[in-house]
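Worksheet for the structure shown next.
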Amino acid sequence: MFKGSYVALITPFKNGAVDEAAFVKLVEWQIEQGTHGLVPCGTTGESPTLSHDEHKRVVELCVKTAKGRVPVIAGAGSNNTVEAIELTRFAKKVGADAVLSVTGYYNKPSQEGIFAHFKAVNDAVDIPIILYNIPGRTIVDITLETMTRLFELKNVVGVKDATANLARVSLQRQEMGAEFCQLSGEDATALGFNAHGGVGCISVTANVAPALCSAFQEATLDGDYRKALEIQDRLMPLHNALFVDPNPAPVKYAANLLGLCANELRLPLVPASAAAEQKVLGAMRSAGLLN
């Protein structure tokens, strides 16, 4: 089972192109700092503005750099089922351990359409699938009934849940059991998520605080919620600051402060505002990540 702190990796850019050297450096640093797993080419990785070739290259580079030291869950979702299958097939080819597959966005499929989409991916490629339920971005929500049907498919092993509805964790656990891998998609609510039966988080904050995020997850999984709460209190200002402006603008600014990459995004995303920068800077200092 996938569990612990999985980092939703940013994609570094330099002069408009993917900065492969910075990406490799980031992956190596994450592993050194104790991150439990890597998730390239998701929302935080600016996948909507990566070309297909860039997307595939980033996934391949992540797998090659990790060298099996930690699992790689490759972003492979699309609102075009054929495209999702293509990206999933490539992820398997280069050795990813699983894929993160988002619900159809913009075209707003019905529950039957959501099921048919993921079944097509499941049937086409033999690789573990983590469903990505983020209705705030996709407009559609995978209902409990549909989630239960999807878990009956051979390759569907769990969900990245970014609904911020903590009761859903318990409901899904009741329907599908503890073997259904539930990963939080919200840093701020990850404490409660794991208390309800979750086993980890695909984290934005882990880009700049990997050791703390890993220690936090280890504490919750060990049942040491006193220690987890101490870390949560330390990180909470940063969790909030990283979403003052649209993600990943604030976290790229934070990564730049640590010398990890340039503070560069692709349009239509723009760098964090001056006000957001001040909040991020203060939160980084509060967490002990900067002097």
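Each residue, glycine too, has its Cβ placed from N, Cα and C.
Annotation note: Thr43 (site 'Part of a proton relay during catalysis') sits in a coil segment as assigned by DSSP. Counting only same-chain residues six or more apart in sequence, the Cβ atoms lying under 8 angstroms from the Cβ of Thr43 (site 'Part of a proton relay during catalysis') belong to Ala8, Ile134, Arg137, Asn247, Pro248. The feature site 'Part of a proton relay during catalysis' is assigned by Swiss-Prot to Thr43 (among others), with sequence analysis given as support.
Under the heading pyruvate binding site, Swiss-Prot lists Thr44, Ile202. In the three-state DSSP scheme, Ile202 (pyruvate binding site) falls into the strand class.
Taking a C-beta cut-off of under 8 angstroms and a sequence separation of 6 or more, Tyr106 (site 'Part of a proton relay during catalysis') has the following same-chain neighbours: Asn79, Thr138, Ile139. If you look up Swiss-Prot, you'll see Tyr106 (among others) marked as site 'Part of a proton relay during catalysis', on the strength of sequence analysis.
Annotation comment: Swiss-Prot describes Tyr132 as active site, proton donor/acceptor, evidence class sequence analysis. Reduced to three states, the DSSP call for Tyr132 (active site, proton donor/acceptor) is strand.
Long-range Cβ contacts of Lys160 (active site, schiff-base intermediate with substrate) within its own chain (separation 6+, distance under 8 Å): Leu100, Ile130, Leu131, Tyr132, Asn133, Ile134, Leu183, Ser184, Gly185, Ile202. The annotation active site, schiff-base intermediate with substrate is assigned in Swiss-Prot to Lys160.
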Densest Cβ neighbourhood among Tyr132, Ile202 (recorded positions), 10 Å radius: Ile202
Local backbone state of Tyr106 (site 'Part of a proton relay during catalysis'), from DSSP in three classes: coil
Report the same-chain neighbours of Thr44 (pyruvate binding site): residues 6+ apart in sequence with Cβ closer than 8 Å to its Cβ, ordered by sequence. Ala8, Leu9, Ile10, Val204, Asn207, Asn247, Pro248, Val251
Assigned element (helix, strand, coil) containing Lys160 (active site, schiff-base intermediate with substrate), judged by DSSP: strand
